[in-house]
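Annotated features, as they stand in TrEMBL:
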- 181-325: domain 'GAIN-B' (DOMAIN)
- 329-585: domain 'G-protein coupled receptors family 2 profile 2' (DOMAIN)
- 335-358: transmembrane segment (TRANSMEM)
- 370-390: transmembrane segment (TRANSMEM)
- 410-434: transmembrane segment (TRANSMEM)
- 441-464: transmembrane segment (TRANSMEM)
- 487-510: transmembrane segment (TRANSMEM)
- 536-555: transmembrane segment (TRANSMEM)
- 561-584: transmembrane segment (TRANSMEM)
Amino acid sequence: NGAICIQPCSPSFHGETSFVCEDRKWQMLSDACASLDVQSLFQNSLITGSDFMESKNCLGDGAKHFGAGNHSCQADFSCIIPDILSSPAIPGNIADIVELLKKISLLLSENVTRGKMQSYSRIANHILNSSIISNWAFVKDRNAGSILLDSVNLFAGKLLLRNGSESIQEPFIATKGYSIHRNTSGKSFDFSMEFNSTGNITGHVVIPEEELLRLPRASKAISVAFPTLGAVLETNQLDPAFVNGMVLSVSLPEELQNILLTFEKLNKLGQAGAQCVGWHSAERRWDPRACEVRAHNVSTVVCVCAHRRRTYRSFSILMSPATPRSSVLDYITRVGLGLSIFSLVLCLVVEAVVWHHVTKTEITYMRHFCLVNIAASLLVADVLFILAAFMHNTALNYQLCVAATFFLHFFYLALFFWMFTLSLLILYGLLLIFFKITRSVFLAAAFSIGYGCPLVISILTVAITEPKNGYLRSGACWLNWYETKALLAFVVPALSIIVVNLIVVVVVVVKTGRSSVGEGCKSRDLSSMIRVSKNVALLTPLLGLTWGFGLATIIDSRSLAFHITFAVLNAFQGFFILLFGTLLDRKTREALRMNCLSSRQKWDLEK
């Protein structure tokens with residue numbers, strides 16, 4: 001009813017009959033030693049060559065239970081199973097059992113017979129039971145689930161096949177194997193397993209016939225299914241997406257490259273999309289680059305996955321209900337980006353045509369200079385956005401994706417910093433009427449803010465996160481969020497600039513609202529409202545305030561209305577810049593009209 005500390009003992013490896021007791025202390029439950037010292041279990045049960053003696057200072061029960069000469073124990077580990085299965089699957093025991101399975105897979109995986117695999121599966125099944133799977137959240141080693149997966153894959157891959165096939169089934173782990181050769185028709189593994197008390201789920205692995213033709217000699221294929229392990233691996237991820245099917249592992253010859261997997265969804269939500277993924281054993285994360293979706297319906301997902309023995313051996317499907325999937329959003333994004341790019345090109349052409357007419361004063365020169373750089377930055381960013389999506393969908397190499405993300409980050413930041421420069425220019429025109437700055441000073445300051453700050457932030461972001469493989473987001477050519485928070489290098493500057501620009505708009509509204517003194521009451525109120533509304537409409541897209549609606553999608557990420565509003569306001573931002581920044585400017589329209597007139601009409605107009 002309390003806790004006692006005992007010294008763990010191990011047999012001498014030099015043929016001596018005494019125990020070697022270490023000076024470390026192990027905490028165990030006093031009630032029938034419910035918490036097992038699996039190190040002693042492993043050594044005392046599975047290592048031969050010594051007679052084990054009891055010692056009053058050491059764990060005598062281990063010697064009593066697991067004496068030397070227990071050859072059946074060495075053959076199939078059966079002697080340690082009763083003690084393990086009788087121990088509660090508390091977090092400490094889970095960690096110890098994972099370590100035990102790891103040691104068995106590393107040291108005792110030669111000639112894995114059916115008996116060995118059955119015992120191994122029973123031990124693993126004990127800590128994969130759906131009733132205790134939540135205890136994994138309290139295991140100190142956050143990589144314990146990944147270690148278990150790698151250990152089982154390694155051990156199962158050495159399974160010996162009797163008569164060309166083998167099947168070992170426990171409620172929460174199942175192993176199947178087949179002999180394969182180049183003349184075999186397509187092989188498949190079918191799994192139907194218990195997930196919880198409410199029912200079963202299924203999984204299906206197919207090795208296509210054209211893949212089997214690659215085999216130079218007869219070989220074997222092993223597959224292991226885990227209906228509950230996905231929840232354990234998911235606890236190691238900060239991504240809101242969660243595993244929505246069983247985890248299927250395969251052990252195949254290196255010549256076989258692609259396999260088909262069919263997953264039944266655990267959660268059959270109608271709106272949620274599915275993503276086929278492979279477990280990257282080195283980086284210990286789900287990687288969508290390993291698979292692609294072949295077919296998808298309400299209840300099942302068919303994936304085509306690349307089998308790589310050293311990288312991708314386990315596969316599943318992810319679902320992220322937090323972000324609504326809608327064809328309306330895709331349509332708005334495509335149409336908006338197309339129109340935005342066309343509008344920005346037209347905006348730059350118009351500015352080039354009217355430049356000498358509209359930049360005769362210092363303040364107008366500075367304003368149009370900022371507008372041109374805003375349009376140019378957004379144009380390049382929109383084009384890079386499309387290229388980055390193309391790179392992701394066609395699975396181009398990693399370096400290209402990093403380069404696209406770097407420049408995408410840089411130009412979107414440049415967009416915001418040029419908007420910030422424009423807002424400072426507006427404040428200068430409103431508040432510092434008698435303070436004059438020269439064009440050269442303005443250009444130096446503007447380029448330092450508009451391009452210097454984004455360049456520094458972008459370089460620091462990639463330099464800090466890329467060495468740790470934390471620069472890119474899993475499944476997209478964009479900044480990582482869930483592992484390294486690299487996305488903060490975009491979000492923090494962007495939101496800060498939006499807040500400053502919002503304050504500038506408020507200052508403009510206050511200043512213009514007071515400028516109607518001397519008019520009649522009604523006419524003053526009406527002209528003030530018109531002037532304020534016009535200024536807000538003009539400044540909102542130019543200062544990037546539409547991006548502030550992104551906060552609404554964070555607050556309520558499942559609201560399709562918020563996502564559509566955000567997509568409309570930002571996908572069409574290029575069009576809004578052309579409309580409010582160029583076409584509605586009186587001097588720009590006059591300059592365009594002058595360029596369209598013949599020389600005779602210009603002379604008459606000037607007269």
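Using the three backbone atoms N, Cα and C, a Cβ is placed for every residue, glycine included.
Quick caveat, the model's predicted, so the values are computed rather than measured.
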Integer mean pLDDT for the domain 'G-protein coupled receptors family 2 profile 2' (329-585): 84
Segment-segment contact (the transmembrane segment (561-584); the transmembrane segment (370-390)) at 3 or more Cβ pairs under 8 Å: yes
DSSP-derived helix, strand and coil totals, residue by residue, for the domain 'GAIN-B' (181-325): 14 helix, 73 strand, 58 coil
